[in-house]
Structure formats: C-alpha cells, structure tokens
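One structure is given below, encoded as structure tokens.
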Amino acid sequence: MFHIILFGPPGSGKGTQSEKLIAEYGLIHLSTGNLLRSEIANKTALGLEAKSVMDKGQLVPDEVVIGMISSQLDAHADAKGFLFDGFPRTVAQAEALDKLLKLKNSGIGVFLALDVSEEELVKRLLGRGLTSGRSDDTDEAVIRARITEYNAKTTAVADYYKQFDKVVNVPGEGSIDDIYASLKTQIDARMH
Ligand code: ADP
C-alpha cells in the first residue's frame, strides 16, 4: 500500500489535484471536508455539530475527524492506498493517523505540500464561493479565519512529518497540469 498526504492551505488546490491523482494511481480519496459536508447534507447529529464550527472557519474537534477516518480505513481494508486530503490538520490528528496505519503494518509514503500565497488563496476561495454553494467560501472574514486557523494549528503538521523525511514542497501556483506533473514526478520517485 502507498499512502499520500496532500497538504496545503484552504484553496491551495488539494481537491482539484486529488481527483487527478486518485484516477491515475487507483487510490481511495479521503477528504475530511467532503466527509463532513456529506454528514451535513444527511443532517446527521455529527453534521449538525460540525456545521456551526465550519461556518466560523474553525476546526472540527480532533476526535470527530479521527473517528471518521478510522471507519473509512476499515471500510476500505483492501485499498491499494489512500490519498488524504485536508487530513491530518493538527499534530494530534497526525499522531492518530500514524497509529491507525501502523495497526495495518503501513505508513505514509509521501507528504506533498502545495505552496500558494495568501492573496492568491483569498482570490480563489472568493471565486469558488460564487458557484460552489459552500457557505464558508462566500464571506471573506470566514476565509481569513480558516487561513488563520491553518497557520495556528495546521502548519505544524508539516514539521511533524519532516522528522520522518516525508515532506516535499510543490509550487501550487501555475497551470493545473503543470502542478499535477510536479506532484506526479515526486510520487513516482518514491513509489517504487
Ligand atoms: P478547505 O481546505 O478549503 O478549508 P475543506 O473542505 O478541507 O476545505 O474543509 C472545510 C472545513 O471542514 C474546515 O474549515 C474545517 O472546519 C472542517 N475540517 C475539514 N477537515 C478537517 C480536519 N481534518 N480537522 C478539523 N476540521 C476539519
């Protein structure tokens, strides 16, 4: 099994690149943002709790997202590998993920971090808000709060994986195809 973490701030293109990567490598896409939005759409208790936090641009509690990921790993026990998108977002989530993968005699193959400037992020997210129907993309204050939350809690996740020599930074500005080609080069260099 080969597992990839696609890392980067909100609006860095993780969702777009994930779609291409899972098609190419036959991985299972685990996006905690998508999983949470589907809980919200299904009006579950978890979804109702998560929505109020997400609409403020804050992070959902660790135990909630770790629980979701744990059941997804079990649900796809025969997967070739997983692409983690938007997870882990805190060091506690990263430690929990390592434990879950270790139980399966597995671990992260590569941690790919997309680098995008803050002004470009805000521009992209406001643009996405015009069509995505995502309430957290329409309000610039919420977008800025998500970036603040990212800087406060999530950037430390990259430092955590640096100790295992897993981190590769990839420029996240430019054409979608060029960014994808850079990601693919890094994956292919480590997969075999
Ligand atoms: P983006 O990366 O564009 O912010 P996501 O779809 O990944 O969008 O996440 C949307 C929201 O869902 C986040 O702002 C956060 O509230 C919540 N969320 C997603 N993943 C996590 C996670 N791993 N831990 C805590 N909260 C999360």
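FYI, residue positions are counted from 1 along the chain as it appears here.
Heads up, the Cβ atoms here are built off N, Cα and C, so glycines get one too.
Annotation comment: TrEMBL describes GLY11, SER12, GLY13, LYS14, GLY15, THR16, ARG128, GLY174 as ATP binding site. Around the Cβ of SER12 (ATP binding site), the number of neighbouring Cβ atoms within 10 Å comes to 23.
DSSP assigns ARG89 (AMP binding site) to coil, not to a helix or a strand. A 10 Å cutoff on Cβ-Cβ distances gives ARG89 (AMP binding site) a total of 21 other Cβ atoms nearby, all chains included. Residues or ranges marked as AMP binding site by TrEMBL: THR32, ARG37, GLN58, LEU59, VAL60, GLY86, PHE87, PRO88, ARG89, GLN93, ARG134, ARG146.
Each residue in the region 'NMP' (31-60) gets a DSSP state, and the totals come to 20 helix, 1 strand, 9 coil. Residues or ranges marked as region 'NMP' in TrEMBL: 31-60.
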If you check the binding-site residues GLY15, THR16, THR32, ARG89, ARG134 one by one, which have a CB less than 6 Å away from any atom of ligand 1? THR32, ARG89
Given a 10 Å Cβ-Cβ cut-off, pick out the one of the binding-site residues THR32, GLN58 that has the most other Cβ atoms nearby. THR32
Restricting to the chain of GLY15 (ATP binding site) and a gap of 6 or more, list residues whose Cβ falls under 8 Å of its Cβ, or answer none. SER31, GLY33, ASN34, ASP85
Closest of the binding-site residues to ARG128 (ATP binding site), Cα to Cα, picking from THR32, GLN58, VAL60, ARG89, ARG134? ARG134
For a quick check of packing: other C-beta atoms within 10 Å of the C-beta of THR16 (ATP binding site), how many? 12
